[in-house]
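First the structure, in the form of C-alpha cells, and then the observations on it.
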Amino acid sequence: MLAFAARTVVKPLGLLKPSSLMKVSGRFKAHQDALPRLPVPPLQQSLDHYLKALQPIVSEEEWAHTKQLVDEFQTSGGVGERLQKGLERRAKKMENWLSEWWLKTAYLQFRQPVVIYSSPGVLLPKQDFMDLQGQLRFAAKLIEGVLDFKSMIDNETLPVEFLGGQPLCMNQYYQILSSCRVPGLKQDSVVNFLKSKKPPTHITVVHNYQFFELDVYHSDGTPLTSDQIFVQLEKIWNSSLQSNKEPVGILTSNHRNSWAKAYSSLIKDKVNRESVNSIQKSIFTVCLDKQVPRVSDDVYRSHVAGQMLHGGGSKFNSGNRWFDKTLQFIVAEDGSCGMVYEHAAAEGPPIVALVDHVMEYTKKPELVRSPMVPLPMPKKLRFNITPEIKNDIEKAKQNISIMIQDLDIMMLVFHHFGKDFPKSQKLSPDAFIQIALQLAYYRIYGQACATYESASLRMFHLGRTDTIRSASTDSLAFVKGMDDPKVPEQQRVELLRKAVQAHRAYTDRAIRGEAFDRHLLGLKLQAIEDLVSMPDIFMDTSYAIAMHFNLSTSQVPAKTDCVMSFGPVVPDGYGICYNPMEAHINFSVSAYNSCAETNAARMAHYLEKALLDMRTLLQNHPRAKL
C-alpha cells in the first residue's frame, strides 16, 4: 500500500562547483554532519492540517466524525500526546527519526513486485543509431559516462545541491552504485558494496538473458575507455548469440514472497550463488536489448516507455533484467534507450542528476583513440537450472504477462508551452501543472480525490520524502468555478491564482518538514512499537480515503529531454510523472486496464485541455503591470 513512496518533487537546483577534483577526504561527512535533523512537527499543527486536507475529499458527515476522533486523540495526557513524546524521544536518539521506518514500510516490507508497482522507468531521447555497432558504441560511451560520475562520488567532489539556498543531503548518491535489493520472506534488504574494503570494479552486462561480469577498471585503478569497453561488449555479444537460454532474470519481477522462496532455492547451488553475488556487487547493470516490434511514431514513445518500465514481457526483454539491481541502463539496437531503477535506495532527482551527466557525456567526441591493449575475456555468469527453478521461471513469465497486459501507459508531449508560460504569469510551474491535474480529474469524475505529490526532505540529514496533497479546498473551489457559467471569468482567474499559491505554500511547508503525512505515519508506527491498541483516527474511513491516492504524481525535472514513469499505487488510480522543459512538458500517464473507470489516454487528453484552458483564462485577463 505504501509504494507511493517514491515520487519526488524537487525544484531545479543550484550546483556548487567543487574547488578541486582531488579526493577531499571527510568532505562528505562534514557536509552531512552539518545538516539539520528532521523535526517532529507539533501534534496540533499536523492534526489541524490533516483535517483541512480531508475537507475536499470526504463527506461532511465523515469529516465531523473524524473531527471528534482527532479531538479525542489530542486530549491532554491522551494517547496522541504519549505517542508524540515517544516520537520526540526517537528523534533525539536517531540521525533521522523517519528514514529507517520509511525504508521498511514504503519499500522493504512492500510485497508487490517491484516492476510497475515500485521501480520507476526512465525514457531517454531516441539515439540516432540503428544497428549493432551503434548500439555497442553508445553503450560503451554511456558506461564511460557513469564511471566519470562515479569518480566524483568516490573522490567526494560531487557538487553539493541547494534548494531555496539550503544545502541538501547528498547521501542518496552514495546508495545508488554497487548496491542491490535482496528478497526476503517478510522483508527485503539492501546491500551496498561501495564503501566495502575491496569495492567492486565490475559491471553486469545482460544480453539474450545471459549475464556477464565485465571489469571496467585496469589493474592500476584507471577506468577502461569507451573504445576498450566497446571491444569487451563485442566479445559479450558474440558469446551470447543463442537465444534459447532460460531467462533467470525474470524471477526478479515476481511477487516478493514468491521471489524470496525461489531465491533461497536458486542460491543453494554454489555456481548460482556466485553468479547472483557478482550481479549484486556490480557497480550497475547494462541491458543490451533486442529490438521490439516496429510501431507507428505516435505510439512509439508509450511503447518504449513500457520497455523501460517492465521489458515488454518474457518474449521480449523482461528476462534481460535483474530488477533488484539499483541501476539498470537499457540500450536497444533500434536507438531506444533508458533505464529502470530500484526505488529503495533513492528518489528520482539523484538518478536524474546521474542521467543528465551521462547523457551530456555521451555527446562528447572521442578526441584520441585509446590504445588497444589485450583485455581479459568478460566472465559469463553460469546458472544451473533445476526443474524447480524452471517452474519458478514459468510462473514469473505468466505473472509479468498479466501485469503488462493490465498496464495502460501513455506518453504525452505537451507542445503548447513549458515552464515559460506559468513563469511569465509569476506562477510556480509545478503548482500550475498540479492544479491542471486537479481540473482534469474533476472534469472526468465530478469530484476531487486524494492526490500525492512527493516533496523532498533532503534539507535534512538522511531525508527522503513527504507528501504534498494537491487536492485542497482552494483547488476544489477553482475546479468547480472554472466550468460554472455563473462564475465570472475575473473571479475564475482569482480562484486559479489562489489555488496555485496554496499549492506553492504547501510545497514550501513540506520541504521544511512541516507536512503531516509522515508525522501521522510516525505516530501510527510508534503505536505499533509501543504495543498500544491502534488509535481510532487510523481505523477511520476518512483516513482510508486520505491514503487511497487516486492520483500519484511526481515532478522529476531534468536537463535531458526525458520522462520517468511508474504504475498507479491503487487499482482505480493513475500514476503521473512529468518533466517541465522550457517550452514543452513531458508527461507519462499510467492506469490499469482492469479498472473500467480509468483510462490513460482520456486522462492525458483532459490534462492537455486543462492546461490550455488555464492558459487561455490567464491570457484573457492579463495582470495590470505594477
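Placement of Cβ uses the backbone N, Cα and C atoms for every residue, glycine included.
Bear in mind that the values here come from a model prediction, so they are computed numbers and not experimental data.
Quick look at what Swiss-Prot annotates:
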{"type": "MOD_RES", "residues": "Lys93", "note": "N6-succinyllysine"}
{"type": "MOD_RES", "residues": "Lys261", "note": "N6-acetyllysine"}
{"type": "MOD_RES", "residues": "Lys261", "note": "N6-succinyllysine"}
{"type": "MOD_RES", "residues": "Lys268", "note": "N6-acetyllysine"}
{"type": "ACT_SITE", "residues": "His343", "note": "active site, proton acceptor"}
{"type": "BINDING", "residues": "Lys419, Lys423, Ser424, Gln425, Lys426, Leu427, Ser428, Pro429, Asp430, Ser456, Arg504, Gln555", "note": "CoA binding site"}
{"type": "BINDING", "residues": "Tyr452, Ser454, Thr465", "note": "(R)-carnitine binding site"}
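Note: the CA-CA distance between Ser428 (CoA binding site) and His343 (active site, proton acceptor) rounds to 27 Å.
Sorted by the number of other CB atoms within 10 A, the recorded positions Lys93, Lys261, Lys268, Arg504 start with Lys93, the lowest. All protein chains shown were included, and the count of other CB atoms within 10 Å of the CB of Thr465 ((R)-carnitine binding site) stands at 30. Of the listed recorded positions, namely His343, Lys419, the sparsest Cβ surroundings within 10 Å are found at Lys419. Among the record's (R)-carnitine binders, Tyr452, Ser454, Thr465, no two C-alpha atoms are more than 11 Å apart, and one pair sits at exactly that spread. Fewest other C-beta atoms within 10 angstroms, among the binding-site residues Ser424, Ser428, Ser454, are seen around Ser424. Across the residues annotated as binding CoA (Lys419, Lys423, Ser424, Gln425, Lys426, Leu427, Ser428, Pro429, Asp430, Ser456, Arg504, Gln555), the two Cα atoms farthest apart lie 25 Å from each other.
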